[in-house]
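Colleague: The structure that follows is given in the form of structure tokens.
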Amino acid sequence: SECEKEPGSLLWIFVMVGNIVRGMGETPIMPLGISYLEDFAKAENSPFYLGCLHTATVIGPFLGFLLASFCAELFVDLGSVDAEDITITVTDARWVGAWWLGILICASVNLLAGIPFWFLPKSLVKEGEINDPEEMSKNSVTPLQENDKNEAKQTMYFIPFLKDLFRNPVYMLFICITVLQFSAFNGMVSFMPKYLEQQFGKSASDAIFLIGVYNLPVICVGYFFGGLFMKKFKINIYQAANIAFWVSLLEYLLYFAAYWTVCDTSPVAGLTVSYE
């Protein structure tokens, strides 16, 4: 009875608020960053730049997996418990890695990465064009004033625009495909490390490392060469849609072959074998 204690820590609130703030800061990068590239890049260079942007979004998780693998090898009470006093190993089910260390490191990197955004200019010269900066600043005053006046009208028309967007079959099809792709990726990231731990006796650190090394670099190469391929051969939207369909179909068939890759079920007392 002396060891029993009800959990009463409220530190989870700090983690939740931190993730909310992080999401608010990270979300605009993809939609606004893509619009930024589309507005100031040449049409033939835009696919290559977008490929580089998506490549960077894969390199980040890859480095994150490596960092998580390193943190998982460290005991959760790092700094307050002597390593010699720990009697369990990383393969023990009771082992808990220093998950909080990764959050602190990533928060520091995000803070440093956000500083250069303060120095980005409000407007850029479109790639391949030469304009006088003073002339651009004079011409930009009137559109800004008109935007301020039309802000209320834009708010009123937001709902009708949103309805028209949801009625667009191409847009909705693209949204459904994106949701399915991210669902498959999130399922792999969430459950594959635990499967490697249970089925092959890997530690959490080794499982996370394997997921990052064997999956993300290939995706990174695909994004980069996809953008380079579209830039070199000047692929239009219709051709890109056809290429995406056939490549996605091939990807599905390759993943479907995983149904024949079956391992023997690990013996679990009370589930697959008796307790005796």
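Each residue, glycine too, has its Cβ placed from N, Cα and C.
Whatever TrEMBL says is automated annotation, not expert-curated.
Since the structure is predicted, the reported quantities are computational estimates derived from the model, not experimental observations.
Under the heading transmembrane segment, TrEMBL lists 12-36, 48-76, 96-120, 170-188, 208-229, 241-262.
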Colleague: Who are the chain neighbours of the transmembrane segment (241-262) in space, where the CB to CB distance is under 8 Å and they lie at least 6 residues beyond its ends?
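Modeller: Residues 177, 184, 235.
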Colleague: Compare 96-120, 170-188, 208-229 by their Cβ pairs under 8 Å to the transmembrane segment (48-76) and return the stretch that comes out on top.
Modeller: 208-229
Colleague: List, by number or range, the same-chain residues at least 6 past the transmembrane segment (170-188) whose CB is under 8 A from its CB atoms?
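Modeller: Contacts with the transmembrane segment (170-188): 211, 215, 248, 255.
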